[in-house]
Amino acid sequence: MCDPCVSGENCCSVELPVLKPCIPIPVPEEQLMDVIDKAKDWALMHGAAMRSKTNFNPDAMQFAPFVLVPSSFPRKEFEKAVKLQTILNELMHKVAHDTEFLRSTLENTIKVDEFTGNLFRIYEDILKNCSNQPLSLGLIRSDVMLECCCPDGGATLGAYCCWKQVEINAIASGFGHLGPISRELQSYILHELNHGDKVSNLPANPALSGLCNGMIEAWKIIGKPHAAILFIVENITYNICDQRFHEFEIRKINPKIRVIRKTLTEINKEGKLGPNNELLVNGTEVSVIYFRAGYEPGHYPTQGEWDARLLMERSLAIKCPSIHYHLAGTKKVQQALAKPGILKRFLEGEEMIESVKEIFTGLYSLDANEEGEEAVQRALKNPERYVLKPQREGGGNNIYGQDIPGALKVRILRIERRNIQEKVKFLAENDHN
(Lines of atoms letter the chains of each structure in order from A and count residues from 1; the text may use other names and numbers.)
(Lines give C-alpha, C1' and ligand atoms only; values in the text may rest on other atoms or scores of the structure.)
Protein backbone atom coordinates (compact mmCIF):
# COMPACT_ATOMS: atom_id res chain seq x y z
CA MET A 1 0.00 0.00 0.00
CA CYS A 2 1.19 3.50 -0.77
CA ASP A 3 0.52 6.62 1.22
CA PRO A 4 -2.08 8.99 -0.25
CA CYS A 5 -1.02 10.29 -3.62
CA VAL A 6 -3.91 11.77 -5.53
CA SER A 7 -4.69 14.44 -8.06
CA GLY A 8 -7.85 16.51 -8.30
CA GLU A 9 -8.94 19.68 -6.54
CA ASN A 10 -11.44 18.18 -4.12
CA CYS A 11 -13.77 15.26 -3.68
CA CYS A 12 -16.65 17.01 -5.39
CA SER A 13 -14.77 18.20 -8.46
CA VAL A 14 -16.26 17.43 -11.84
CA GLU A 15 -13.05 15.76 -13.02
CA LEU A 16 -12.74 12.58 -11.02
CA PRO A 17 -9.49 12.25 -9.04
CA VAL A 18 -6.98 9.65 -10.11
CA LEU A 19 -4.66 7.81 -7.75
CA LYS A 20 -1.07 7.84 -8.91
CA PRO A 21 0.59 4.45 -9.44
CA CYS A 22 3.14 3.23 -6.91
CA ILE A 23 5.82 2.89 -9.58
CA PRO A 24 6.61 5.00 -12.65
CA ILE A 25 4.61 3.93 -15.69
CA PRO A 26 4.57 3.06 -18.46
CA VAL A 27 7.12 0.30 -17.97
CA PRO A 28 9.41 -0.11 -21.03
CA GLU A 29 7.75 -2.46 -23.52
CA GLU A 30 10.41 -5.19 -23.52
CA GLN A 31 10.58 -5.27 -19.73
CA LEU A 32 6.79 -5.22 -19.49
CA MET A 33 6.31 -8.20 -21.81
CA ASP A 34 8.93 -10.18 -19.91
CA VAL A 35 7.38 -9.53 -16.52
CA ILE A 36 3.86 -10.26 -17.80
CA ASP A 37 4.97 -13.74 -18.89
CA LYS A 38 6.57 -14.30 -15.51
CA ALA A 39 3.50 -13.03 -13.69
CA LYS A 40 1.12 -15.36 -15.55
CA ASP A 41 3.35 -18.36 -14.90
CA TRP A 42 3.76 -17.41 -11.24
CA ALA A 43 -0.02 -17.10 -10.88
CA LEU A 44 -0.68 -20.52 -12.39
CA MET A 45 2.02 -22.21 -10.33
CA HIS A 46 0.87 -20.69 -7.02
CA GLY A 47 -2.87 -21.19 -7.33
CA ALA A 48 -3.93 -17.72 -8.46
CA ALA A 49 -6.06 -19.50 -11.01
CA MET A 50 -9.53 -20.65 -12.01
CA ARG A 51 -11.21 -23.09 -14.35
CA SER A 52 -12.61 -21.60 -17.54
CA LYS A 53 -16.37 -21.09 -17.72
CA THR A 54 -16.36 -20.83 -21.50
CA ASN A 55 -14.17 -23.90 -22.17
CA PHE A 56 -14.56 -25.93 -19.01
CA ASN A 57 -12.06 -28.71 -18.46
CA PRO A 58 -11.57 -30.12 -14.95
CA ASP A 59 -7.93 -30.81 -15.81
CA ALA A 60 -7.13 -27.32 -17.11
CA MET A 61 -6.63 -23.97 -15.38
CA GLN A 62 -6.25 -20.35 -16.39
CA PHE A 63 -4.79 -17.55 -14.31
CA ALA A 64 -7.27 -15.40 -12.42
CA PRO A 65 -7.48 -11.76 -13.56
CA PHE A 66 -5.04 -9.58 -11.65
CA VAL A 67 -3.46 -6.13 -11.58
CA LEU A 68 0.25 -6.33 -12.35
CA VAL A 69 1.47 -3.94 -9.67
CA PRO A 70 -0.23 -2.87 -6.42
CA SER A 71 -2.82 -0.15 -6.53
CA SER A 72 -1.89 2.94 -4.58
CA PHE A 73 -4.30 3.61 -1.78
CA PRO A 74 -4.72 6.02 1.16
CA ARG A 75 -3.22 4.27 4.17
CA LYS A 76 -5.54 5.98 6.63
CA GLU A 77 -8.63 4.74 4.80
CA PHE A 78 -7.27 1.20 4.59
CA GLU A 79 -6.69 1.09 8.34
CA LYS A 80 -10.15 2.53 8.90
CA ALA A 81 -11.70 -0.27 6.82
CA VAL A 82 -9.84 -2.94 8.81
CA LYS A 83 -11.16 -1.51 12.05
CA LEU A 84 -14.65 -1.19 10.62
CA GLN A 85 -14.87 -4.88 9.69
CA THR A 86 -15.00 -6.04 13.31
CA ILE A 87 -17.89 -3.66 13.96
CA LEU A 88 -19.75 -5.02 10.93
CA ASN A 89 -19.13 -8.56 12.18
CA GLU A 90 -20.77 -7.67 15.49
CA LEU A 91 -23.65 -5.99 13.68
CA MET A 92 -24.31 -9.03 11.47
CA HIS A 93 -24.17 -11.39 14.44
CA LYS A 94 -26.79 -9.40 16.34
CA VAL A 95 -29.01 -8.99 13.29
CA ALA A 96 -28.85 -12.72 12.56
CA HIS A 97 -30.14 -13.51 16.04
CA ASP A 98 -32.91 -10.91 16.18
CA THR A 99 -35.95 -12.96 15.20
CA GLU A 100 -38.41 -10.08 15.39
CA PHE A 101 -36.28 -7.89 13.12
CA LEU A 102 -35.75 -10.59 10.50
CA ARG A 103 -39.45 -11.44 10.42
CA SER A 104 -40.67 -7.88 10.10
CA THR A 105 -38.00 -6.97 7.53
CA LEU A 106 -38.56 -9.97 5.27
CA GLU A 107 -42.31 -10.49 5.68
CA ASN A 108 -43.16 -8.97 2.28
CA THR A 109 -40.11 -10.33 0.47
CA ILE A 110 -40.84 -13.96 1.33
CA LYS A 111 -44.31 -13.65 -0.21
CA VAL A 112 -42.98 -12.82 -3.67
CA ASP A 113 -39.41 -14.16 -3.75
CA GLU A 114 -39.57 -17.95 -3.78
CA PHE A 115 -35.89 -18.44 -2.96
CA THR A 116 -35.92 -16.19 0.11
CA GLY A 117 -39.25 -17.71 1.09
CA ASN A 118 -37.76 -21.21 1.08
CA LEU A 119 -34.84 -20.06 3.21
CA PHE A 120 -37.22 -18.42 5.66
CA ARG A 121 -39.33 -21.57 5.98
CA ILE A 122 -36.20 -23.46 7.01
CA TYR A 123 -35.47 -20.68 9.50
CA GLU A 124 -38.98 -20.99 10.97
CA ASP A 125 -38.58 -24.76 11.23
CA ILE A 126 -35.33 -24.37 13.17
CA LEU A 127 -36.94 -21.87 15.55
CA LYS A 128 -40.00 -24.07 16.07
CA ASN A 129 -38.09 -27.27 16.66
CA CYS A 130 -35.27 -25.74 18.71
CA SER A 131 -32.20 -26.87 16.79
CA ASN A 132 -29.61 -28.62 18.94
CA GLN A 133 -26.84 -26.25 17.80
CA PRO A 134 -27.13 -22.65 19.07
CA LEU A 135 -23.66 -21.71 17.78
CA SER A 136 -22.94 -20.24 14.35
CA LEU A 137 -19.72 -19.45 12.53
CA GLY A 138 -19.62 -16.21 10.57
CA LEU A 139 -16.96 -15.78 7.89
CA ILE A 140 -18.11 -12.42 6.62
CA ARG A 141 -16.76 -10.24 3.84
CA SER A 142 -17.87 -6.63 3.58
CA ASP A 143 -17.32 -5.19 0.10
CA VAL A 144 -16.57 -1.47 0.30
CA MET A 145 -15.30 1.09 -2.20
CA LEU A 146 -13.75 4.50 -1.67
CA GLU A 147 -16.18 7.18 -2.81
CA CYS A 148 -14.57 10.02 -4.76
CA CYS A 149 -17.51 12.43 -4.69
CA CYS A 150 -19.05 13.61 -1.46
CA PRO A 151 -22.78 13.11 -1.00
CA ASP A 152 -24.99 16.17 -0.82
CA GLY A 153 -24.16 18.07 2.32
CA GLY A 154 -21.11 15.93 3.01
CA ALA A 155 -17.79 17.26 4.17
CA THR A 156 -14.96 17.89 1.76
CA LEU A 157 -12.13 15.55 2.64
CA GLY A 158 -9.74 16.15 -0.22
CA ALA A 159 -9.52 14.05 -3.35
CA TYR A 160 -11.48 11.18 -1.84
CA CYS A 161 -14.41 11.25 0.50
CA CYS A 162 -15.33 8.11 2.40
CA TRP A 163 -15.98 4.39 2.29
CA LYS A 164 -19.23 3.20 0.77
CA GLN A 165 -20.54 -0.30 1.21
CA VAL A 166 -21.45 -2.30 -1.87
CA GLU A 167 -22.74 -5.30 0.07
CA ILE A 168 -22.09 -7.68 2.94
CA ASN A 169 -21.44 -11.30 2.02
CA ALA A 170 -22.57 -13.74 4.68
CA ILE A 171 -22.43 -16.99 2.69
CA ALA A 172 -19.71 -18.46 0.46
CA SER A 173 -17.53 -15.36 0.85
CA GLY A 174 -14.79 -15.95 -1.69
CA PHE A 175 -11.19 -14.84 -2.24
CA GLY A 176 -9.86 -16.00 1.12
CA HIS A 177 -7.02 -17.52 -0.90
CA LEU A 178 -7.01 -15.35 -4.02
CA GLY A 179 -6.70 -12.17 -1.95
CA PRO A 180 -3.55 -13.18 -0.05
CA ILE A 181 -1.94 -14.84 -3.07
CA SER A 182 -2.44 -11.65 -5.09
CA ARG A 183 -0.38 -9.84 -2.48
CA GLU A 184 2.43 -12.38 -2.93
CA LEU A 185 2.20 -12.14 -6.71
CA GLN A 186 2.52 -8.36 -6.64
CA SER A 187 5.43 -8.60 -4.21
CA TYR A 188 7.21 -10.87 -6.70
CA ILE A 189 6.51 -8.47 -9.59
CA LEU A 190 7.75 -5.43 -7.69
CA HIS A 191 11.06 -7.19 -7.13
CA GLU A 192 11.24 -8.17 -10.81
CA LEU A 193 10.72 -4.52 -11.75
CA ASN A 194 13.47 -3.39 -9.36
CA HIS A 195 11.02 -1.80 -6.96
CA GLY A 196 11.51 -4.17 -4.05
CA ASP A 197 11.67 -1.20 -1.70
CA LYS A 198 7.91 -0.76 -2.20
CA VAL A 199 7.09 -4.21 -0.80
CA SER A 200 7.19 -2.92 2.77
CA ASN A 201 4.10 -0.86 1.91
CA LEU A 202 2.12 -4.00 1.05
CA PRO A 203 0.03 -4.87 4.11
CA ALA A 204 0.08 -8.46 5.30
CA ASN A 205 -2.99 -10.41 4.28
CA PRO A 206 -3.58 -13.39 6.59
CA ALA A 207 -7.17 -13.90 5.41
CA LEU A 208 -6.76 -17.57 4.50
CA SER A 209 -5.25 -18.62 7.82
CA GLY A 210 -7.78 -16.48 9.68
CA LEU A 211 -10.77 -18.08 7.96
CA CYS A 212 -9.42 -21.59 8.33
CA ASN A 213 -8.56 -21.07 11.99
CA GLY A 214 -12.17 -20.01 12.48
CA MET A 215 -13.36 -23.34 11.09
CA ILE A 216 -10.81 -25.21 13.19
CA GLU A 217 -11.97 -23.43 16.36
CA ALA A 218 -15.55 -24.46 15.57
CA TRP A 219 -14.33 -28.03 15.05
CA LYS A 220 -12.61 -27.90 18.46
CA ILE A 221 -15.79 -26.65 20.15
CA ILE A 222 -17.69 -29.73 19.01
CA GLY A 223 -14.89 -31.76 20.59
CA LYS A 224 -15.01 -34.87 18.42
CA PRO A 225 -11.56 -35.59 16.94
CA HIS A 226 -12.97 -38.14 14.51
CA ALA A 227 -15.46 -35.66 12.98
CA ALA A 228 -14.85 -33.98 9.63
CA ILE A 229 -15.35 -30.50 8.24
CA LEU A 230 -17.82 -30.55 5.33
CA PHE A 231 -17.53 -28.17 2.37
CA ILE A 232 -20.80 -27.76 0.45
CA VAL A 233 -19.80 -27.09 -3.16
CA GLU A 234 -21.34 -26.60 -6.60
CA ASN A 235 -21.80 -29.44 -9.07
CA ILE A 236 -19.12 -27.76 -11.19
CA THR A 237 -16.56 -25.63 -9.35
CA TYR A 238 -14.84 -22.93 -11.39
CA ASN A 239 -13.19 -21.08 -8.51
CA ILE A 240 -11.46 -24.28 -7.45
CA CYS A 241 -8.18 -22.83 -6.14
CA ASP A 242 -9.93 -20.48 -3.75
CA GLN A 243 -11.82 -23.46 -2.31
CA ARG A 244 -9.08 -26.07 -2.32
CA PHE A 245 -6.54 -23.82 -0.62
CA HIS A 246 -8.93 -23.50 2.33
CA GLU A 247 -8.89 -27.28 2.52
CA PHE A 248 -5.10 -27.42 2.19
CA GLU A 249 -4.63 -24.72 4.85
CA ILE A 250 -6.78 -26.64 7.33
CA ARG A 251 -4.66 -29.72 6.70
CA LYS A 252 -1.50 -27.63 7.12
CA ILE A 253 -2.63 -26.18 10.46
CA ASN A 254 -4.00 -29.44 11.81
CA PRO A 255 -3.17 -32.56 9.77
CA LYS A 256 -5.61 -34.63 11.84
CA ILE A 257 -8.70 -32.84 10.52
CA ARG A 258 -10.41 -34.42 7.55
CA VAL A 259 -12.20 -32.22 5.00
CA ILE A 260 -14.87 -33.69 2.73
CA ARG A 261 -16.57 -31.99 -0.24
CA LYS A 262 -20.18 -32.69 -1.18
CA THR A 263 -22.92 -31.07 -3.24
CA LEU A 264 -26.41 -30.48 -1.88
CA THR A 265 -27.61 -33.27 -4.15
CA GLU A 266 -25.08 -35.68 -2.63
CA ILE A 267 -26.05 -34.69 0.91
CA ASN A 268 -29.67 -35.48 0.10
CA LYS A 269 -28.61 -39.00 -0.91
CA GLU A 270 -25.81 -39.68 1.58
CA GLY A 271 -26.66 -37.59 4.65
CA LYS A 272 -28.72 -38.45 7.70
CA LEU A 273 -29.03 -37.50 11.36
CA GLY A 274 -27.74 -39.76 14.10
CA PRO A 275 -29.48 -40.45 17.42
CA ASN A 276 -28.22 -37.16 18.90
CA ASN A 277 -28.87 -35.11 15.73
CA GLU A 278 -25.24 -35.41 14.66
CA LEU A 279 -24.84 -35.13 10.88
CA LEU A 280 -23.56 -38.32 9.25
CA VAL A 281 -22.41 -38.39 5.62
CA ASN A 282 -21.79 -41.93 4.44
CA GLY A 283 -21.11 -42.83 8.06
CA THR A 284 -18.66 -39.97 8.69
CA GLU A 285 -19.72 -37.54 11.40
CA VAL A 286 -19.54 -33.85 10.48
CA SER A 287 -18.82 -31.18 13.09
CA VAL A 288 -18.60 -28.07 10.87
CA ILE A 289 -20.39 -27.23 7.60
CA TYR A 290 -18.83 -24.59 5.35
CA PHE A 291 -21.16 -23.46 2.57
CA ARG A 292 -19.48 -22.56 -0.73
CA ALA A 293 -22.79 -23.22 -2.50
CA GLY A 294 -26.43 -22.79 -1.60
CA TYR A 295 -26.69 -19.05 -2.15
CA GLU A 296 -28.70 -19.03 -5.41
CA PRO A 297 -31.74 -20.87 -6.83
CA GLY A 298 -29.69 -22.86 -9.33
CA HIS A 299 -28.07 -24.74 -6.46
CA TYR A 300 -31.51 -26.17 -5.55
CA PRO A 301 -32.82 -27.75 -8.79
CA THR A 302 -35.21 -30.08 -6.92
CA GLN A 303 -36.89 -30.36 -3.54
CA GLY A 304 -34.14 -32.81 -2.62
CA GLU A 305 -31.55 -30.03 -2.31
CA TRP A 306 -33.88 -28.05 -0.04
CA ASP A 307 -34.38 -31.18 2.07
CA ALA A 308 -30.59 -31.47 2.33
CA ARG A 309 -30.30 -27.87 3.53
CA LEU A 310 -32.98 -28.46 6.17
CA LEU A 311 -31.28 -31.67 7.29
CA MET A 312 -28.00 -29.84 7.84
CA GLU A 313 -29.66 -26.93 9.65
CA ARG A 314 -31.34 -29.39 12.02
CA SER A 315 -28.04 -31.10 12.79
CA LEU A 316 -25.63 -30.60 15.67
CA ALA A 317 -22.90 -29.40 13.28
CA ILE A 318 -21.86 -25.74 13.44
CA LYS A 319 -22.93 -24.07 10.21
CA CYS A 320 -20.98 -21.43 8.31
CA PRO A 321 -23.27 -19.70 7.81
CA SER A 322 -26.32 -20.80 9.75
CA ILE A 323 -29.68 -20.06 8.17
CA HIS A 324 -29.86 -17.05 10.52
CA TYR A 325 -26.71 -15.53 9.04
CA HIS A 326 -27.82 -16.35 5.50
CA LEU A 327 -31.03 -14.34 5.93
CA ALA A 328 -29.16 -11.50 7.64
CA GLY A 329 -27.08 -11.12 4.47
CA THR A 330 -30.03 -10.47 2.15
CA LYS A 331 -30.20 -7.10 0.42
CA LYS A 332 -33.56 -6.38 2.03
CA VAL A 333 -32.00 -6.60 5.48
CA GLN A 334 -29.09 -4.40 4.42
CA GLN A 335 -31.57 -1.85 3.07
CA ALA A 336 -33.46 -1.90 6.38
CA LEU A 337 -30.27 -1.31 8.37
CA ALA A 338 -29.70 1.93 6.46
CA LYS A 339 -32.95 3.42 7.75
CA PRO A 340 -32.63 6.15 10.41
CA GLY A 341 -32.38 4.87 13.96
CA ILE A 342 -32.17 1.15 13.14
CA LEU A 343 -28.48 0.75 14.00
CA LYS A 344 -29.18 1.79 17.60
CA ARG A 345 -31.05 -1.47 17.97
CA PHE A 346 -27.84 -3.43 17.45
CA LEU A 347 -24.82 -1.24 18.23
CA GLU A 348 -23.85 0.71 21.34
CA GLY A 349 -22.07 4.05 21.32
CA GLU A 350 -22.54 6.94 18.92
CA GLU A 351 -19.03 6.64 17.49
CA MET A 352 -19.59 3.02 16.50
CA ILE A 353 -23.02 3.77 15.05
CA GLU A 354 -21.76 6.74 13.05
CA SER A 355 -18.83 4.76 11.64
CA VAL A 356 -21.25 2.24 10.14
CA LYS A 357 -23.87 4.77 9.07
CA GLU A 358 -21.26 6.67 7.06
CA ILE A 359 -20.60 3.74 4.73
CA PHE A 360 -24.20 3.11 3.69
CA THR A 361 -25.03 4.07 0.12
CA GLY A 362 -28.58 4.86 -0.92
CA LEU A 363 -30.27 1.44 -0.97
CA TYR A 364 -34.00 1.61 -1.63
CA SER A 365 -36.85 -0.87 -1.66
CA LEU A 366 -38.99 -1.41 -4.76
CA ASP A 367 -42.00 -2.55 -2.76
CA ALA A 368 -45.43 -1.47 -3.97
CA ASN A 369 -45.72 1.54 -1.68
CA GLU A 370 -44.89 5.25 -1.73
CA GLU A 371 -41.20 4.67 -1.00
CA GLY A 372 -41.00 2.07 -3.75
CA GLU A 373 -42.69 4.31 -6.31
CA GLU A 374 -40.30 7.16 -5.49
CA ALA A 375 -37.34 4.83 -6.01
CA VAL A 376 -38.75 3.71 -9.36
CA GLN A 377 -39.10 7.29 -10.54
CA ARG A 378 -35.55 8.14 -9.50
CA ALA A 379 -34.21 5.16 -11.42
CA LEU A 380 -36.25 5.98 -14.53
CA LYS A 381 -35.04 9.57 -14.48
CA ASN A 382 -31.32 8.82 -13.93
CA PRO A 383 -30.70 5.11 -14.64
CA GLU A 384 -26.91 5.55 -14.90
CA ARG A 385 -26.79 6.47 -11.22
CA TYR A 386 -28.24 3.19 -10.00
CA VAL A 387 -27.86 -0.60 -9.88
CA LEU A 388 -30.76 -3.02 -9.42
CA LYS A 389 -29.91 -5.93 -7.13
CA PRO A 390 -31.75 -9.13 -6.19
CA GLN A 391 -31.97 -10.41 -2.62
CA ARG A 392 -29.48 -13.19 -3.12
CA GLU A 393 -25.71 -13.30 -3.32
CA GLY A 394 -23.34 -14.70 -5.88
CA GLY A 395 -22.98 -11.88 -8.39
CA GLY A 396 -24.05 -11.76 -12.01
CA ASN A 397 -27.67 -10.92 -11.22
CA ASN A 398 -27.52 -7.12 -11.26
CA ILE A 399 -29.11 -4.79 -13.82
CA TYR A 400 -27.30 -1.59 -14.79
CA GLY A 401 -27.78 1.73 -16.55
CA GLN A 402 -29.96 1.82 -19.63
CA ASP A 403 -31.23 -1.72 -18.99
CA ILE A 404 -33.00 -0.47 -15.86
CA PRO A 405 -35.96 1.42 -17.43
CA GLY A 406 -36.98 -1.53 -19.59
CA ALA A 407 -36.85 -3.91 -16.64
CA LEU A 408 -38.91 -1.57 -14.49
CA LYS A 409 -41.52 -0.93 -17.15
CA VAL A 410 -42.26 -4.60 -17.69
CA ARG A 411 -42.49 -5.01 -13.90
CA ILE A 412 -39.88 -7.76 -13.72
CA LEU A 413 -38.51 -6.32 -10.53
CA ARG A 414 -41.82 -6.36 -8.69
CA ILE A 415 -41.84 -10.13 -9.07
CA GLU A 416 -38.31 -10.63 -7.80
CA ARG A 417 -38.46 -7.77 -5.28
CA ARG A 418 -35.12 -6.30 -6.12
CA ASN A 419 -33.58 -3.31 -4.38
CA ILE A 420 -32.13 -0.27 -6.05
CA GLN A 421 -28.73 1.04 -4.98
CA GLU A 422 -26.86 4.21 -5.83
CA LYS A 423 -23.64 3.61 -7.72
CA VAL A 424 -20.38 4.34 -5.94
CA LYS A 425 -18.21 6.88 -7.77
CA PHE A 426 -14.95 5.10 -7.14
CA LEU A 427 -11.40 6.35 -7.59
CA ALA A 428 -9.64 5.68 -10.87
CA GLU A 429 -6.00 4.73 -11.27
CA ASN A 430 -3.43 4.58 -14.04
CA ASP A 431 -1.95 1.09 -13.97
CA HIS A 432 -1.12 -2.06 -15.92
CA ASN A 433 -3.76 -4.80 -15.64
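For all residues, glycine too, the Cβ spot is worked out from N, Cα and C.
Lifted from TrEMBL, the feature list:
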- Gln243: substrate binding site (BINDING)
- Lys331, Lys389, Pro390, Gln391, Arg392, Glu393, Gly394, Gly395, Gly396, Asn397, Asn398, Tyr400: ATP binding site (BINDING)
- Glu393: Mg(2+) binding site (BINDING)
- 228-328: domain 'Glutathione synthase substrate-binding' (DOMAIN)
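In this structure, Asn398 is the one among the binding-site residues Gln243, Asn398 with the smallest number of other Cβ atoms inside 10 Å of its Cβ. In this structure the C-alpha atoms belonging to Lys331 (ATP binding site) and Gln243 (substrate binding site) are separated by 25 Å. Secondary structure from DSSP puts Pro390 (ATP binding site) in coil. Across the structure, the residue listed as 'substrate binding site' and Asn398 (ATP binding site) are spaced 24 Å apart at their Cα atoms.
There are 23 other Cβ atoms within 10 Å of the Cβ belonging to Lys331 (ATP binding site).
Counting Cβ atoms from all protein chains shown, Pro390 (ATP binding site) has 21 others lying within 10 Å of its own Cβ.
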